[in-house]
Amino acid sequence: MATDSEPGRRRRCCCPQDTPDVAKVPDSRGDSDGPRRGSLCDRHCAAINNVQGDLGDLGCHLHRPRVPTAVSSPSCCQQHSEEVCESCVVKTTLTAENAVEANKLSNNYKFGFKKWKSHVTARPWEDRSEIVKELYSDLNVIRGSGGSTLTCGNVLYLLLFGWWLSLLYVLVAAVMFITVMGAPYGQLCWDLAGYFLWPFGKVIQKVEVPKSHQAREASAGESPALLGGPTPRRWHPPCWVGTGYWHRASSAAWLCLGYPVLALAHGLVCVTAWLLIILIPVAKLSARAASRVLLLPPERVLIRRLRMTEVPLEGEVILCCYRAANPYYYKYAVDGINVFAVNLLPLVLVTLVLGYVDSPNHLTGSAVKFTLALLSIMPLSYYIGMAIASISAQSNFAVGAVVNATFGSITELTFYITALIKGSREGNRCYAEVVKSALTGTLVGCVLFVPGLCMVIGGIRHQEQRFNSRSAGVSSALLFLSVGGVFAPTLFSKVYGKLVCGECHNVTQNPLGHYLCHNCHFDLMDNNGTLYYSHVQPLVYTVSILLPAAYLIGLFFTLKTHTHIYDIHISDCHMPGHHHSAVVHWSRWQALVILLLSTLCMSACADLATEHISPILTNSTISQYFIGVTVLAMVPELPEIVNGIQFALQNHLSLSIEIGNCIAVQVCMLQIPILVLFTIFYPTNFTLVFSDLHVYASMFSVVLMNYIFMDGKCDYFQGTVLVMVYFILLAVYFFAPSPSGC
């Protein structure tokens with residue numbers, strides 16, 4: 001279902017106080033007098049809450065006893081000065097409709113768990129906003145005041161579909177009239193031609209067949225106050241024609257000559273409007289017309305124009321449309337799947353069929369197939385992310401941690417491993433360099449671009465955003481450790497490696513003068529590779545063992561021994577009239593099947609991408625560094641970027657920052673060690689020695705990020721700084737020469 005807003009999240013102070021939207025819960029010990037009047041601590045707590053504000057629409061006020069009673073008692077502040085009350089701690093309280101959704105929200109704040117914005121359960125209809133309710137409403141509801149139907153979206157419908165669809169109905173009506181027996185359907189098509197030219201403000205009804213011709217004539221002369229004009233007259237067969245025979249012949253002519261053409265046209269309109277997303281009402285209109293209106297007998301279809309809507313219509317309303325476009329349809333979801341992911345799913349099928357059937361590239365070239373394979377990774381990343389979030393929310397902590405650690409980086413690892421395998425088979429070192437560039441690009445992008453973009457977009461709506469600097473500090477410390485560990489073999493090779501240059505020219509024509517050298521690198525294979533095999537390789541293996549161990553320690557620290565860092569409390573919802581039983585979109589087994597199928601399709605798309613990237617690397621004038629750090633690094637992370645932006649818009653910047661930090665930490669502490677482990681069993685050209693550009697860009701990005709996040713608050717200016725630095729680094733990669741050997 002659509003996720004119109006993230007479930008409520010508010011800042012609570014340990015000192016009880018009266019707020020306009022929160023019911024006061026009496027103390028369990030019988031003390032209901034509230035805080036002491038005039039207490040400096042209470043005034044400070046109230047000031048904190050006024051600054052933080054209520055960040056969510058919460059209707060639940062009973063909280064689980066996650067903190068000791070002494071902390072939550074009215075006398076929580078034992079010592080207070082004239083300026084600050086140190087015991088008043090700001091806590092984060094989350095509300096959810098059910099236990100499954102509560103687990104998903106809690107997992108969002110846990111280190112190492114995938115942050116997921118969309119709901120994994122069906123939201124109660126009462127909890128949705130009016131905007132979202134309108135998205136899911138059927139086109140058979142008559143509103144009290146429709147307003148003007150002359151809108152940009154309606155005019156767009158007229159230009160894209162209305163004119164030719166109406167003309168097609170006129171042609172079909174002519175064909176039906178020529179057949180004579182299909183004349184009733186011809187009259188229906190003639191009426192529908194005017195309707196589909198401009199269907200807005202009109203209604204199609206399903207009425208009962210009158211018992212006699214006189215009754216039909218009487219009803220034709222009446223005009224209810226709701227409707228404008230007389231009832232449309234229908235063509236009736238001559239009395240000498242048998243009714244049963246006439247209806248059968250008329251229906252046969254319609255089903256053979258008229259309906260297939262119109263159904264095909266409506267199908268085309270439906271698919272086109274659905275892909276455009278904002279025109280989904282037109283898709284619903286066409287689908288309902290083809291499945292309901294065109295299959296009814298002509299005498300039971302009534303088309304009228306609405307002028308007054310205070311009086312209800314008699315008979316069933318089949319179609320009633322006011323707007324052709326709605327910009328909020330980006331929230332629309334089918335069985336919990338966002339409409340963008342639904343629309344991109346056929347792209348995966350096209351990519352796989354085109355990639356494996358057209359192997360000789362007769363239909364399309366390598367560039368098109370490479371682009372399709374990369375675009376197909378985006379919806380597959382979405383399905384993998386939602387499957388992981390669904391399984392984690394419906395399982396215990398251990399299962400959730402294992403699933404997130406196992407499949408959290410599967411998108412990137414499938415591409416990296418397939419690229420290394422192809423490079424090893426062809427003996428091409430460029431693939432290993434592209435993988436290193438993609439790793440660095442993911443690290444730099446998630447440290448600079450993802451949080452920076454979220455700060456800019458969130459800062460437009462919120463003047464200043466605050467986040468938990470303590471939890472961000474844990475991720476930053478792990479990021480420092482991981483970057484130092486990953487680049488330790490590179491620094492070691494710089495110190496002890498032998499500098500070898502490809503071309504050197506004497507500038508001064510003097511044997512003792514200056515030389516200008518090109519394509520220089522540190523050779524680790526000098527003296528039969530003694531330096532590499534005896535020193536660098538053991539260091540790489542040591543680092544590859546220590547980094548995952550540090551990641552596990554970070555998980556144990558944040559999720560077991562120091563969970564108070566996040567101060568997350570889940571409230572128990574008890575709202576009258578609401579049913580809080582969880583109706584999950586995907587069950588655990590369904591999510592597991594989707595996860596495995598998406599992973600399999602991801603591996604196939606990654607194989608196609610690496611298969612058709614070779615011509616791009618060899619024929620493109622753009623540096624391979626730039627291709628790796630931009631396209632290959634950031635395209636798989638687009639669903640995560642969208643989640644981060646949505647969190648930032650709702651003032652949940654902590655989650656936006658954690659999205660980037662988590663991915664960056666997993667790149668260094670999980671993905672790179674897994675690649676090193678893979679090279680042990682399948683020898684490739686991948687070595688944990690990076691170019692100077694990768695080292696400097698990564699270290700500078702991590703230092704800048706920690707400086708920005710130091711004070712626990714930010715605005716759009718600081719986000720602009722991070723984004724600008726990221727684009728500067730992209731410019732450096734763009735103008736950098738390709739790696740040696742490529």
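Note that Cβ sites are derived from N, Cα and C of the backbone, with glycine treated the same way.
Just so you know, TrEMBL annotations are computer predictions that nobody has curated.
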Correct range for transmembrane segment (source TrEMBL, candidates 309-330, 397-418, 683-704): 397-418
Contact call for the transmembrane segment (716-736) and the transmembrane segment (438-460): at least 3 Cβ pairs under 8 Å, seq gap 6+: yes
Most Cβ pairs under 8 Å with the transmembrane segment (155-178), selected from 252-282, 337-357, 438-460, 472-492: 252-282
Long-range Cβ neighbours of the transmembrane segment (438-460) (under 8 Å; 6 or more residues past either end): 412, 415-416, 479, 483, 628-630, 632-634, 637, 640-641, 644-645, 647-649, 651, 653, 656-657, 659-661, 663-664, 667-668, 671-672, 690, 694, 697-698, 701-702, 704-705, 714-723, 725-726, 729
